[in-house]
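The structure appears below as structure tokens.
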Amino acid sequence: MAEYKLDCLHEVCPIPLLKALKSLEKMEIGDILIMHTDHNCSIANVVEWTKKQGHYIDYIEIAEGEWEIYIEKAR
Amino acid sequence: MGLYYKIVKKPWPYWVGGILLALLNISLLLITGSVWGVTTGLLYWGLFIIESLGANPASWYYFNVYSPGFRGGYTLILNPHSVLNIAIIIGALLAVLWANQYKFKKIKNMKQIFFALAGGILMGYGSRLSFGCNIGAYFSAIPSFSLHGWVFGVFIFVGAYIGTRILYKYII
């Protein structure tokens, strides 16, 4: 089970979502992707898209206007 | 999970935003007699800047054939487009301040500057050729039962599809 970090700071839609998509493609089932973002759209569109794809996802606000999104590849 | 978290901090679902935007645009049409648009206001600001630099855009072919809608009595700030644009910025600022999510965004790298500038110029140029952006020529056009909104919509999807493919394959 590997852990991947993805720096999406200062990036806006649709870059964070596309970066997540690209990383998930290379990952194995069970691997974790940790996204670091300050774009509040990401906690809506990345979360919605990942859930639709059937992966596990959760996020926390680590500072004012900054989030870490955790995605576990499920399939 | 308090009400503050649910309403102020958590992003609203897309359908809630959609309904609110529709209701607000209807009220705007009822009260002011015109629909929501964004880029026309930016056009006025751009024209103001190049006019202060000494150019005379009023003599340009484009503005002689297609009126930019700058009516008598409008000033740079006191026209419906500029007021709405400034109000959007103030409203967005209040929303992030209330949610405690205000943050200065830094420039990531040179690549980001290049693509932001290139994208901005392409969008600005395109919005003048199509007489509006995705707000004026799409979002406000469809409820006005104008065919051009649907044409605009179809090509948004074509453009977004091609753009996303290029972005995914070559840029990120």
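Keep in mind that glycine also has a Cβ here, set from the backbone N, Cα and C atoms.
Residues of the same chain lying 6 or more positions beyond the ends of the transmembrane segment (B:12-31) and with a Cβ under 8 Å from any Cβ of it are 139-140, 143. Annotation comment: TrEMBL describes B:12-31 (among others) as transmembrane segment.
Nonlocal intrachain contacts for the transmembrane segment (B:43-63), taken as residues 6+ away from its ends with a CB within less than 8 angstroms of a stretch CB, comprise 70, 74, 76, 79, 81-82, 124, 128. The feature transmembrane segment is assigned by TrEMBL to B:43-63 (among others).
Sequence-distant contacts of the transmembrane segment (B:83-101), counting only residues of its own chain at least 6 positions beyond either end whose CB sits under 8 Å from a CB of the stretch, comprise 8-9, 36-38, 41-42, 77. Look at TrEMBL and you will find B:83-101 (among others) tagged as transmembrane segment.
Away from its own ends, the transmembrane segment (B:113-141) comes close to residues 21, 25, 35-40, 42-43, 46, 62, 66, 107, 148-149, 152-153, 156, 171 of its chain (Cβ-Cβ under 8 Å, at least six residues beyond either end). Feature annotation from TrEMBL assigns transmembrane segment to B:113-141 (among others).
Residues or ranges marked as transmembrane segment in TrEMBL: B:147-168 (among others).
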